[in-house]
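Trainee: Take a look at what TrEMBL says about it:
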| type | residues | note |
| --- | --- | --- |
| SIGNAL | 1-27 | signal peptide |
| DOMAIN | 51-169 | domain 'Purple acid phosphatase Fn3-like' |
| DOMAIN | 176-280 | domain 'Purple acid phosphatase N-terminal' |
| DOMAIN | 292-507 | domain 'Calcineurin-like phosphoesterase' |
| DOMAIN | 532-591 | domain 'Purple acid phosphatase C-terminal' |
| DOMAIN | 668-786 | domain 'Purple acid phosphatase Fn3-like' |
| DOMAIN | 793-897 | domain 'Purple acid phosphatase N-terminal' |
| DOMAIN | 909-1124 | domain 'Calcineurin-like phosphoesterase' |
| DOMAIN | 1149-1208 | domain 'Purple acid phosphatase C-terminal' |
Amino acid sequence: IFGGMRGLNFISLAIFLVLTTLQEAWSHGDQPLSKIGIHKATVDLNHNAYVKASPSVLGLKEQTTEWVTLEYSSPKPSADDWIGVFSPANFNSSTCPQEKPTVYPPLICSAPIKYQFANYSSPKYKDTGKGYLKLQLINQRSDFSFALFSGGLSNPKLVAVSNQVAFANPNAPVYPRLAQGKQWNEMTVTWTSGYGINEAEAFVEWGPKGGDQARSPAGTLAFNRNTMCGAPARTVGWRDPGFIHTSFLKELWPNAVYTYKLGHKLFNGTYVWSRQYQFRASPYPGQNSLQRVVIFGDMGKDEADGSNEYNNFQRGSLNTTRELIRDLKNIDLVLHIGDICYANGYISQWDQFTAQVEPISSTVPYMIASGNHERDWPGTGSFYGNMDSGGECGVLAETMFYVPAENRAKFWYSTDYGMFRFCIADTEHDWREGTEQYKFIEHCLASVDRQKQPWLIFLAHRVLGYSSGTSYADEGSFGEPMGRESLQKLWQKYKVDIAVYGHVHNYERTCPIYQNICTNEEKHYYKGPLNGTIHVVAGGGGASLTQFTTLQTKWSLFRDYDYGFIKLTAFDHSNLLFEYKKSSDGKVYDSFKISRDYRDILACTVDSCPTSIAVESILGGMRGLNLLSLAIFLVLTTLQEAWSHGDQPLSKIAIHKATVDLNRDAYIKASPTVLGLKEQTTEWVTLEYSSPKPSADDWIGVFSPSNFNASTCPEVNPRVYPPLLCSAPIKYQFANYSIPEYKDTGKGYLKLQLINQRSDFSFALFSGGLSNPKMVAVSNQVAFANPNAPVYPRLAQGKQWNEMTVTWTSGYGINEAGAFVEWGPKGGDQVHSPAGTLTFDRNSMCDAPARTVGWRDPGFIHTSFLKELWPNAVYTYNLGHKLFNGTYVWSQQYQFRASPYPGQNSLQRVVIFGDMGKDEADGSNEYNNFQRGSLNTTRELIRDLKNIDIVFHIGDICYANGYISQWDQFTAQVEPIASTVPYMIASGNHERDWPGTGSFYGNMDSGGECGVLAETMFYVPAENRAKFWYSTDYGMFHFCIADTEHDWREGTEQYKFIEHCLASVDRQKQPWLIFLAHRVLGYSSGISYAVEGSFEEPMGRESLQKLWQKYKVDIAVYGHVHNYERTCPIYQNICTNEEKHYYKGTLNGTIHVVAGGAGASLSPFTTLQTKWSFFRDYDYGFIKLTAFDHSNLLFEYKKSRDGKVYDSFRISRDYRDILACTVDSCPSMTLAS
């Protein structure tokens, strides 16, 4: 270090000195065992001295912890005599490692595993020479002996040695530590034993509580003295750690209780077992349920028998442990964020710690972070060059505990628990911008779907945020140097709720803060956006306390110089409780609540939104925009107005203005009253009605739930009377629709189609038209026999090619039933796969109508993952719910064909379209007024379903526009398709866009849904469904699906995804590369694009065309514009191939297709005929791609009205044609002549 300092500049030198100073300041005393000068020990055995230990055999009832009684005597007693516990029992020089053959080894070279002064229990020992002591031993894979020393700790002289004591089976499996796996439905079990791979096979026997048990193998790790980096870990602190086993329990059912036993099958055929334990599996990510998490740092270990000078250093450790055990039934997950046991190189202490926390870690996941006392050692790559790990240099922490890190030597990782996302940093490695860890932290924060996981928590050992600890204050940093300077822009950008640290041994909480400024003046109840991050120091888990500075900073709201821990309780997606509890009594001494909606998370604050929308509510901030930005804004706004595709039919009803004008002579009668008696999910209902004052604008509304009066209205302002009606009907029809004479006779007849939507129905007759409705009569109630039944399955490709996901809707929540899919090869054995369950409430919506008149309970959305499918095999499946009373509810049976292996040479057929929407088969909701082609498209796909393998619906799914009931209507409409082939969707403006919520466009097209419905009702294999870009493979096809409602331009997160997606495909195996997006990022002659002179979405192809060309995208398909258009192969507005119907060899460009005519009202073309526009059709239709093999592709455009082909082309080429260089498609070094 010093030799290299000459080359350091002044800044580097200053940083080095600051870090060194802080390390000295935060050096938390010595490990108690380090006080013993064991290398200086001499032997002074006295035949009149003795130590007797009993019992000599421990654990006869398979206990792993036992008390031993010692009786001892010395003829020359002294106040500083002490008893050392040695294990193995033989601790003489024969056990010393040979270092130099010419140097005699010390007489004793292993520190005791614990010690106690001889007068601890016998105050008169100094006078009588006789003593009595009780010590607690744990099973540590070897025998024990007890030695009496004189001379104190610094100059020990061995006076007497006891008999040996041992556990009946010292090798037994002990101290299980649960941890979350890399998947949400995986639990890992790590334990310690004396059985290596040459003696026995390690495994876990486990299964549902009371159910069948299975066995999962365990991997086995070990390490030796040479793995340690320095003394004492490599010398006096060394003790054989035994064997550390880890087993992975996979495919767990969410929230299910499992039992497990640790097992070893010896090679002689016998078994060794632990006792039985149990745990509860993690909830599905985003699941709405009570979830409780405990967090603390710096706990260490204490000795219950008072040995090792108990209370001298880690005073609060046993209290913290005791309180967690006492409240364990109310804890789901524990996070111990560094400075785990302060072994500091005395390896035996890790066993002691795992024994101490076993009641906790064997029952709930016990996740750790890396601290300075685990990792730091000079010259080993740790960010700090101190000696705090005692030579362990991370090996013990990284081996004794499992964490789902990509590389446990780099101890950063993320883990999900229900509605929580935790990003755990490793402060002992560099975290600054540009480093590997910084990229991980940003990815972890950026990849969470905040609608499903609203509670984003950042954890680290050292205080990277804010602390009033005296040493930080003395330095003037109030935090780890370079901590928040590097990371606070990430915390702010991604809206981290709470950041928790250890290292400083006290408790402190800040206000929500950014750049040292409090962003919210509240102290105990935060409602709405925080606008900053709350920073918490929770380093008081047990080790000696740290003083605060006397300076009271503005941001420090609460300080406590005591031992304690924090607890986070998520009640739902909107409400979180934070509590700080003292270890001394478990009572709450500080707390706050956060209450907010999803729109509060999406809301823009300083430095937290993309630049395209972070302009002070856009309109208010326009003064600061330059002319170019203003022009772009105006173009986007104009296009939004141009592509506003009419109103949702239900929005025409002024339901808030409705009045009640019930007439006793008016009536509606609905029959039948019970539907679905044969388990149908769709039924027709007949209405008969009469009004004494009929009018041409009278109408019938279908309401569900059937009770739709003011009692169901949410309370907004208690001083304002709610409207009489506050829920829009789920559909409507004019009273004269089937009976034109209604206006004259006052009598009508109507048939309406209902689907099972988890509630009952009633029908109301209104006069006054849609704009001024007056309720005249209400019908009897109608309901399905089982309104909660599982319905409308939607298949989707999983994240692996051989995985199929099944999503469906039901009325059964996690507190009523377990959701699953029963599936298997057609005609073969069936298995059950669990399903995760999601839901959301009104508060998840961003605004009206989704939050007001359009709101309807969406029920529960379940997703099951069917894995390890055989390529092309046909599978059958049933949706199932096991009610808690033991009964089952089933759907009908469905079937699907598994995907082909990527690159497989077989017939593969893909249908693509956008903007279909939904229609009503009964003519209600003014059928054909808006989404005219939807039913035709659906009908044609169903008719030809045997010739379709996968469907892509690229945005503008059902045009619910905030009327939530319409999503059920849509999933019912497409069920025959979506239940049979994967139905993959993309995000469109009518799913996502809402002002101030982070969408690229600030319009109101989603009706306040802001993406929640699309992201929940349909599964896609995106890393984060709130960022709806993803890729998927189907045989010889590779699809890259963009999300045009988020920024796609160069430098953005999505741009990087698009490039990676295009670059990562193996074109020899998957020659057909298809780009999909909702808005037209390529070319369109739609009139609104044309009048702007862009012929595309502004900034679309300008950003992406070099990627399409570089990676030789074959076809790019878009929706948004409601017509059909195909271009020539094109690059930079120039046709690269003049052929129109048969492309042989290289395309030299990309063919762009608009296929947005699946159902919604059509969009006209410009009259200008561009050179690149080959075919246009102002009609409804869809496209179909058929790959015959690796060389031949057929493209067809079919009309929805008849399913016939109206445009087509073929591509015929070889692999060398794909490899061939064209303009801007090869590296420059290969283009040199």
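Positions of Cβ are set from backbone N, Cα and C atoms, glycine also.
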Trainee: With contact taken as 3 or more Cβ pairs under 8 angstroms (pairs 6 or more apart in sequence), are the domain 'Calcineurin-like phosphoesterase' (909-1124) and the domain 'Purple acid phosphatase Fn3-like' (51-169) in contact?
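Mentor: Between the domain 'Calcineurin-like phosphoesterase' (909-1124) and the domain 'Purple acid phosphatase Fn3-like' (51-169), contact is absent.
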Trainee: Looking at the domain 'Purple acid phosphatase N-terminal' (793-897) and the domain 'Purple acid phosphatase C-terminal' (532-591), are there 3+ C-beta pairs under 8 A, with each pair at least 6 apart in sequence?
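Mentor: Yes, since the domain 'Purple acid phosphatase N-terminal' (793-897) and the domain 'Purple acid phosphatase C-terminal' (532-591) share at least 3 Cβ pairs closer than 8 Å, they count as touching.
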Trainee: Which residue counts does DSSP yield for the domain 'Purple acid phosphatase Fn3-like' (668-786) in the helix, strand and coil classes, in that order?
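Mentor: The composition, in the requested order, is 7 helix, 48 strand, 64 coil.
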Trainee: Would you list the DSSP helix, strand and coil counts for the residues of the domain 'Purple acid phosphatase C-terminal' (1149-1208)?
Mentor: 0 helix, 31 strand, 29 coil
Trainee: Looking only at the domain 'Purple acid phosphatase C-terminal' (532-591), how are its residues distributed among DSSP helix, strand and coil?
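Mentor: Tallied per class, the domain 'Purple acid phosphatase C-terminal' (532-591) gives 0 helix, 31 strand, 29 coil.
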Trainee: For the domain 'Purple acid phosphatase Fn3-like' (51-169), jot down how many residues DSSP puts in helix, in strand and in coil.
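Mentor: Looking at the domain 'Purple acid phosphatase Fn3-like' (51-169) with DSSP, the answer is 7 helix, 48 strand, 64 coil.
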Trainee: Let's see if you can do this one: DSSP helix, strand and coil counts over the domain 'Purple acid phosphatase N-terminal' (793-897), in that order.
Mentor: 3 helix, 56 strand, 46 coil
Trainee: Under the DSSP assignment, what numbers of helix, strand and coil residues are found in the domain 'Purple acid phosphatase N-terminal' (176-280)?
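Mentor: Its residues fall into 3 helix, 56 strand, 46 coil.
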